[in-house]
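Just below is one structure, and these are the notes that go with it.
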Amino acid sequence: MAHKIAIGLVCVLYALHIMSAVCEVSEQEGVGEDNATEDEDYEDFFKPVTCYFANSTVGPLRPPNCTVVCTNNTAWWNDTKSDGGHCYSEYRPEKRTHSREIYNCTIGVCGNGTCIANHTYADCW
């Protein structure tokens, strides 16, 4: 008989524990968005990042100022490559409106925040 009472008591305590946990969760759901959880605070860091390069036969090229605009759907920032990255030194705005048109562009290497032309050419689009 004592064994049955002990099992009954454990079941009642377990049920009370489950009920208190469920009540705490439902109370937290009613809280305003000002009290955001840690999961929501870090959610934006894991979104895909998109950076805007010019396409070419030698790979992605940075603009003449060697700064690429990047976004992850919540924030924008400039990604600057000071030295060593490929860039295009010639900007032709009339060609940028037709993104699928291939044209000959002058390429160079980023140095000190500017594109230094090395007198080589590539097909750009």
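Every residue, even glycine, has its Cβ placed from backbone N, Cα and C.
Here Swiss-Prot flags Cys70-Cys110 (among others) as disulfide bond. The number of other Cβ atoms within 10 Å of the Cβ belonging to Cys110 (disulfide bond), over all protein chains shown, comes to 23.
What Swiss-Prot lists as disulfide bond is Cys87-Cys115 (among others), and the listing cites similarity to another entry. Cys115 (disulfide bond) carries a strand DSSP state (E or B).
The disulfide bond annotation in Swiss-Prot covers Cys105-Cys124 (among others).
The N-linked glycosylation site feature in Swiss-Prot is assigned to Asn35 (among others).
The number of other CB atoms found within 10 A of the CB of Asn55 (N-linked glycosylation site), across every protein chain shown, is 15. What Swiss-Prot records for Asn55 (among others) is N-linked glycosylation site.
Note on Asn65 (N-linked glycosylation site): other Cβ atoms within 10 Å of its Cβ, all shown chains, come to 14. The annotation N-linked glycosylation site is assigned in Swiss-Prot to Asn65 (among others) on the grounds of experimental evidence.
In three-state terms derived from DSSP, Asn72 (N-linked glycosylation site) belongs to neither a helical nor a strand segment and is classed as coil. Swiss-Prot lists Asn72 (among others) with the feature N-linked glycosylation site.
Residue density at Asn78 (N-linked glycosylation site): 11 other Cβ atoms are found within 10 A of its Cβ, drawing on all protein chains shown. DSSP assigns Asn78 (N-linked glycosylation site) to a strand. Among the features that Swiss-Prot reports, N-linked glycosylation site is placed at Asn78 (among others).
Per Swiss-Prot, the feature N-linked glycosylation site maps to Asn104 (among others); the stated evidence is experimental evidence. Under a cutoff of 8 A between CB atoms, and with a sequence separation of 6+ in the same chain, the neighbours of Asn104 (N-linked glycosylation site) are Tyr121, Ala122, Asp123, Cys124.
Taken from Swiss-Prot, the feature N-linked glycosylation site covers Asn112 (among others), and the record attributes it to experimental evidence.
What Swiss-Prot records for Asn118 (among others) is N-linked glycosylation site, and it gives experimental evidence as the kind of evidence.
Among the features that Swiss-Prot reports, signal peptide is placed at 1-21, with the record citing sequence analysis.
Asn112 (N-linked glycosylation site) is surrounded by 8 other CB atoms, counting those within 10 A of its CB over all protein chains shown. When the recorded positions Cys70, Cys110, Asn112, Asn118 are ranked by how far their Cα is from the Cα of Cys87 (disulfide bond), Cys110 comes first. A Cα-Cα distance of 6 Å separates Cys70 (disulfide bond) from Asn78 (N-linked glycosylation site). Taking a C-beta cut-off of under 8 Å and a sequence gap of six or more, Asn118 (N-linked glycosylation site) has these contacts in its own chain: Ile107, Gly108, Val109.
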